[in-house]
Amino acid sequence: MSVLSGKVQTVLGLVDPDQLGRTMTHEHLVMSFECSYTAPPPGDEAVAENPFQMQHMHWLRQHPYSCRENLFLSQELSALRDELLAYRKAGGGTIVENTTTGIDRDLPALRQLAKDTGVHIIAGAGYYIDCTHTEATKKMSVEKLTDNIVSEVLHGTDGTDIRCGVIGEIGTGWPITESEKKVLRATAHAQSQLGCPVIIHPGRDPAAPAEIIRILQEAGGDISKTVMSHLDRTIFDEGELLEFANMGSYLEYDLFGTEMLNYPFNLKVDMPSDSQRVRTLAFLVKEGYEDKVLMAHDIHTKNRLTKFGGHGYSHILKNIVPKMLTRGITQHQVDKILIDNPKRWLTFK
Ligand SMILES: CCC(=O)NCCS(=O)(=O)O
């Protein structure tokens, strides 16, 4: 039995799982998303250069990745402090910060935010998608990648003594590249050593989540302690969703607050609205998956902060939960989704 057993590891140290309270299992506080910059539509270049004005807010919501300045959440520490204080006031307790190697994780900043606000922050170990892997990372063996991930959890990360409490978000695209497959296998090996929670970013194809689970399973991963993120933009068919749910991972709907007409990373996808997300959650609860569902906003651009007219980190607690209660999801089930399921997932075995 390890010292981590039965505990949750935050950036300020180990805590008892009962201390977490309401938890958003997939957010970012300090990161850069420059790897996903997408050129603006022809003719919109001037707007992209001068984004944070009232008359451009709708444009920014529709084209968040087409404005470089919007991609540096790391520049907004003061606004993030205010966001976290508001999140606590709205009844939030914990945030899982999913920034991994490749998108500018900043552990000292996370520790300071946790100290300043009293929100429990849990940091993520491991690697984001292939295009952010360095040449050195791509050359690493699965064993070396495993050692690196284990060390980020046991000893500290990025030259600090601040330890990660989950592995992920582990990034994969579609098709999954060889480098991403190695990272997935290393994730499973590290998880079987540590008994820790894992969280995965799948590629944008309905077949991606199941393929990832198969790779993790073959490498000895614990699927019952694994979260599949971003299902809101990945699996749309109810039959396919139930088939995937049967594989046993947590099912995360984590793009609450994101409503856009053209999803630039896969134009075939119609990004759902928040109302459609709530409907899918009600469906999963009705089908018996209330112990598997998780929710978050996955904030990763500036325009989603309240400072810039966005919904902020309290949107689910303030706006989505009341809507869930009008759509057949009980308060007891909401508490399972926001408190009990995250607590079970985040507790080391
Ligand atoms: C780093 C943030 C991230 O990967 N978010 C996922 C966005 S999306 O793929 O669901 O559009």
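Cβ atoms here come from the backbone N, Cα and C positions, even for glycine.
Those TrEMBL annotations? Automatic predictions, nothing curated.
As the structure is a computational prediction, the values presented were derived from the model and not from experiment.
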Exercise. Kindly point out which candidate in GLU152, GLU169 is recorded by TrEMBL as part of the divalent metal cation 1 site with HIS26, HIS28, ASP298.
Key: GLU169
Quiz item: Given TrEMBL annotates GLU169, HIS230 as divalent metal cation 2-binding, which of HIS133, HIS189, HIS201 belongs to that site as well?
Solution: HIS201
Exercise. Find, among the binding-site residues listed as HIS28, HIS201, HIS230, the one whose Cβ has the highest number of other Cβ atoms within 10 Å in the structure shown.
Key: HIS28
Practice problem: Starting from the Cβ of GLU169 (divalent metal cation 1 binding site), draw a 10 Å sphere and report how many other Cβ atoms land inside it. | Solution: 30
Quiz item: Between the binding-site residues HIS26, HIS28, GLU169, ASP298, which lies closest to HIS201 (divalent metal cation 2 binding site), Cα to Cα?
Solution: GLU169
Quiz item: Which residues, in sequence order, are found in the same chain with Cβ within 8 Å of the centroid defined by the Cβ atoms of GLU169, HIS201, HIS230 at the divalent metal cation 2 site, excluding those residues themselves?
Solution: HIS26, ASN98, GLY168, ILE170, GLY171, ILE199, ILE200, PRO202, SER229, ASP254, ASP298
